[in-house]
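Data block below; observations after.
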Amino acid sequence: MILTDVTLAEAGPDGFALTGDAAIAIEGGRIAFAGPAADLPPGGQRRSMGGRLVTAGLIDCHTHLVFGGDRAREFDMRLNGASYEEIARAGGGILSTVRATRAADEGALLAAALRRADHLIAEGVTTVEIKSGYGLDLETELRMLRVARRIGQERPLRIVTTWLAAHALPPEYRDDRAGYIDHVVIAGMEAAHAEGLVDAVDGFCEGIAFSPEEMERIFDRAAALGLPVKLHAEQLSDLGGAAMAARHGAISADHLEWLGADGIAAMAGAGTVAVLLPGAFYALRETRMPPVQGLRDAGVPIALATDCNPGTSPLTSILLAMNMGATLFRLTPAECLAGVTANAARALGLSDRGRIAPGMLADLAVWDIAHPAELAYRIGYNPLHARIIGGDLA
Ligand SMILES: N=CN[C@@H](CCC(=O)O)C(=O)O
Ligand SMILES: [Zn+2]
């Protein structure tokens, strides 16, 4: 198939690059040609896109899309002054979603997750990363990742799965942190890897979760299995998690509100992507900004994601995440687009998507907009005209 009469929109550190009067030729699910229509070889089955703007399919590189229940009442408590940490220490927070997720069977988890995935699909998302982390026992953690994989069978959506058993300590291991890490986090990671369920390993490095030293032990085992690592780091305090993750060659460090100069330098040196999550910043009414200018100055690639989760970011709009990236974090609209395309792919360790170039997967989004800055500028408006995945309109 050849898409004609399109404007190609890409984003990089120097802003947007637009190619008008362009065409995209697709063969075998991949892009064979992308550029000025005048350079396109003759022939082929052509389909006009009516002059519309085309970007790479959007990539949501940090979600907790599979979970049971919701946390609406906790939201109410937070509005009345309780902090996220206070609620977590009182057995709410992540652990309340763990109780609901353990109680839900595969069918119930899948049905709820599909509804959330459909919102992302409707906004041009073609790849979604989904983490475990609300089971905290072997059986439920594996169930979460099986459900995540099934989403990719039920919908035209590419799924990347991440092992996040190091998300919180379950009550049954309250007095045995090392036992939890050995018997659930590491043993489960090996079982999930053997079942082909894991693409990367993550953890929540925070005072209310796991220390950098505990995460290092997990990362060493991930490396032995050949699995890339990433980390929720410096969200609520600075424990040096991002620098530790960078030393372990992490593909991304995520959140980063408390990231300091050492962490930035370590990430720059290791090529670790900074995944910023403005939905959590907004919902927790945080005031400390991630160090965006420091990341830019050091050349650390910046990605943006929804962080869709029931506690701190009940957000299923990648376009709103882009808008928040601009309004809350002062990213440029071009940085926002790069953050959900090329840099999001990099945060997942993927080099086959996120750009419109020969050899890339033919995952594209076609928009009813005049300029790509509109994607970050509008609030609560979806200008998607069509979504193409593997060369198919879907
Ligand atoms: N920060 C840790 N994990 C999630 C929150 C999970 C929850 O509260 O349920 C996050 O990415 O924001
Ligand atoms: Zn998260």
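From the backbone N, Cα and C atoms, a Cβ is placed for every residue, glycine too.
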**Study point:** Additional site residue, Y134, Y173 [criterion: listed by TrEMBL with N309, G311 for N-formimidoyl-L-glutamate]
**Key:** Y134
Review point. The Fe(3+) site in TrEMBL includes H62, H64, H232. Which of D137, D297, D307, D352 is also listed there?
Key: D307
Review point. Counting distance between Cα atoms, which of the binding-site residues H62, H64, H232 is nearest T312 (4-imidazolone-5-propanoate binding site)?
Key: H64
Study note, to complete from the structure: Not counting H62, H64, H232, D307, residues with a CB within 8 A of the CB centroid of the Fe(3+) site are T63, K131, D254, H255, L277, A280, A305, C308, N309, S313
**Study point:** Per-residue Cβ crowding (10 Å cut-off), top of binding-site residues Q235, N309, T312
**Key:** Q235
Exercise for review: Take the Cβ of H232 (Zn(2+) binding site) and count every other Cβ within 10 Å, whichever protein chain it belongs to.
Suggested key: 32
Practice item. May I ask which of the binding-site residues H62, H232, D307, G311 have a CB within less than 6 Å of any atom of ligand 1, listed in sequence order? Key: H232, D307, G311
Revision key, fill the gap. What remains of the binding-site residues Y134, Q235, D307, G311 after requiring a CB under 6 angstroms from ligand 2 is D307
